[in-house]
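Annotated features, as they stand in Swiss-Prot:
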BINDING   505, 511  Mg(2+) binding site
DOMAIN    572-631  domain 'KH'
DOMAIN    641-709  domain 'S1 motif'
């Protein structure tokens with residue numbers, strides 16, 4: 001029988017993991033920021049932990065060295081995620097773990113994507129994924145600025161071709177303090193401005209903001225202030241990358257096929273220019289499709305040296321872009337024949353849907369939105385479980401962009417990132433003029449259905465929502481309108497375009513959206529695709545946008561200039577009354593019997609708080625008033641001299657006990673039943689009989705003396721509805 005060979009004792013080798021963090025700190029807006037790499041996520045292409053106060057965000061980037069075969073676009077993805085453990089919480093729900101991205105996570109992912117995307121070189125097709133994970137969260141500051149800095153720093157040290165870094169800053173404003181950096185949540189609640197600015201050391205690339213009617217000069221000042229203050233972050237990231245960054249990858253853009261470019265210009269440039277003179281979008285697209293097909297048929301081939309179909313289409317697009325941009329720079333009419341400052345024709349209708357609480361159809365050229373406003377009770381408010389704590393939002397805004405709006409068949413389903421982002425921008429535009437929940441105790445939902453789109457559907461949603469809300473009777477502080485601006489810049493020449501088309505957005509260098517009232521700006525969003533946008537250009541764009549906004553408001557005001565005085569008959573009726581806190585138990589009753597009885601009797605719903613505030617919800621005003629009357633009856637104090645309609649509860653030899661309020665009886669003495677002498681109470685009264693009585697007295701023990709004979713003919717009982 002064989003034996004296993006004798007095993008030799010293994011030598012235990014001690015492995016030591018060396019974690020050597022490299023750290024840099026800088027100050028911005030009175031806060032200390034720390035950049036750290038080399039300790040966490042070392043297998044990522046680049047990883048930086050950014051800390052400030054109690055906030056810590058891990059930024060990682062992974063990039064592919066080579067593009068996927070046939071890749072025709074830049075596959076950049078940005079994922080911002082908030083872990084509930086960062087705030088010392090356990091996720092709610094059955095599964096007790098984070099699930100699909102929240103709206104806040106989606107919006108912040110877009111916020112980070114927008115300024116970094118234009119800084120990758122043209123033609124770069126390698127996959128890049130940026131992941132920002134909030135690992136510790138302060139209850140005072142939003143972690144989005146730390147996340148933007150983390151993304152910038154991770155890209156800066158990764159070696160991936162990236163023309164950054166960027167910095168980011170949040171700017172607040174009050175009349176007393178002026179502009180200030182890094183506002184807390186508490187400071188934002190009283191600030192007239194909430195603006196996030198991002199950019200490089202030379203240029204602003206992205207602005208996202210909401211304001212409470214600031215002027216164009218104040219908004220521009222905030223942009224410049226934020227850009228100036230973020231320079232400390234940009235300098236720190238540059239120094240951090242110089243000390244800790246990997247060598248920049250060797251990457252060269254694909255050599256331009258000038259022969260093909262010139263061939264398309266020569267053969268089809270004139271036809272493309274003629275096609276862009278067609279005013280109708282669908283007809284223009286059809287003609288451009290025909291020209292493109294002809295170019296592919298003539299120039300593409302499978303033989304050696306011939307360009308592929310995809311290559312011909314790519315260079316055809318470049319010729320399209322150059323044709324349109326040259327026309328704009330030379331001052332020629334735009335694609336639809338307008339000059340640079342003219343707004344497309346506007347058509348406004350309200351009350352277009354009979355069953356909804358408020359509705360509007362807003363059409364501007366080939367962009368159209370049907371917007372509805374629905375009123376609900378405070379039970380319908382959105383409950384947001386954020387890292388900084390739970391809060392309630394009574395104003396909901398949802399934006400839908402179905403594929404038919406651009407003449408296409410496509411995916412239908414839950415909203416994508418773009419729809420969520422556009423909805424939030426439109427909501428920012430009208431939020432400043434919305435009433436508070438105390439002023440108007442309703443939950444409000446606005447829904448924008450984009451039915452046609454050719455540029456700036458989000459700003460059409462702003463206009464449409466303002467109209468629909470006023471149609472519903474929501475007491476807006478002022479009407480709001482929005483406009484999208486564009487820019488074409490070639491060298492030192494530039495043209496600012498008012499009310500851009502979809503093609504102008506795609507082919508231009510800037511997307512600049514402004515919403516506001518006649519008095520000032522309520523929202524500003526800016527995305528810039530190139531370097532070199534000067535203060536002068538931004539100032540001109542804001543001035544031009546102001547003129548366009550006032551024009552649109554004038555057109556809207558011709559149809560409806562102020563909220564309707566009455567709510568829709570279909571809207572729920574909400575009434576708020578105040579009772580003494582000691583009376584709450586009377587309204588609730590034993591085991592809730594009284595309040596349930598009121599609800600069953602009237603069809604209303606009732607909410608009470610500890611301060612004695614009673615909110616009554618009903619489908620119509622009559623049901624609400626009936627419930628109000630019942631609550632007032634229950635909580636009313638008996639008034640001497642008042643007349644009540646009561647019910648005889650019990651008859652005794654010396655009189656009758658009459659119930660005049662819920663749970664409150666009084667005695668009508670036999671001598672107070674009639675002017676004439678009565679021998680037997682039962683000769684005049686019977687149990688269950690309804691009678692009018694007047695209160696003569698309430699003694700210090702709460703005993704109530706009533707009289708029937710003191711009620712004069714024609715007198716009516718006290719009206720508790722008043």
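Every residue, even glycine, has its Cβ placed from backbone N, Cα and C.
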When DSSP states are grouped into helix, strand and coil, how many residues of the domain 'S1 motif' (641-709) land in each?
6 helix, 36 strand, 27 coil
Just name the most isolated of the binding-site residues 505, 511, going by other Cβ atoms within 10 Å of its Cβ.
505
DSSP-derived helix, strand and coil totals, residue by residue, for the domain 'KH' (572-631):
32 helix, 16 strand, 12 coil
If you average per-residue pLDDT over the domain 'KH' (572-631), what number do you get?
88
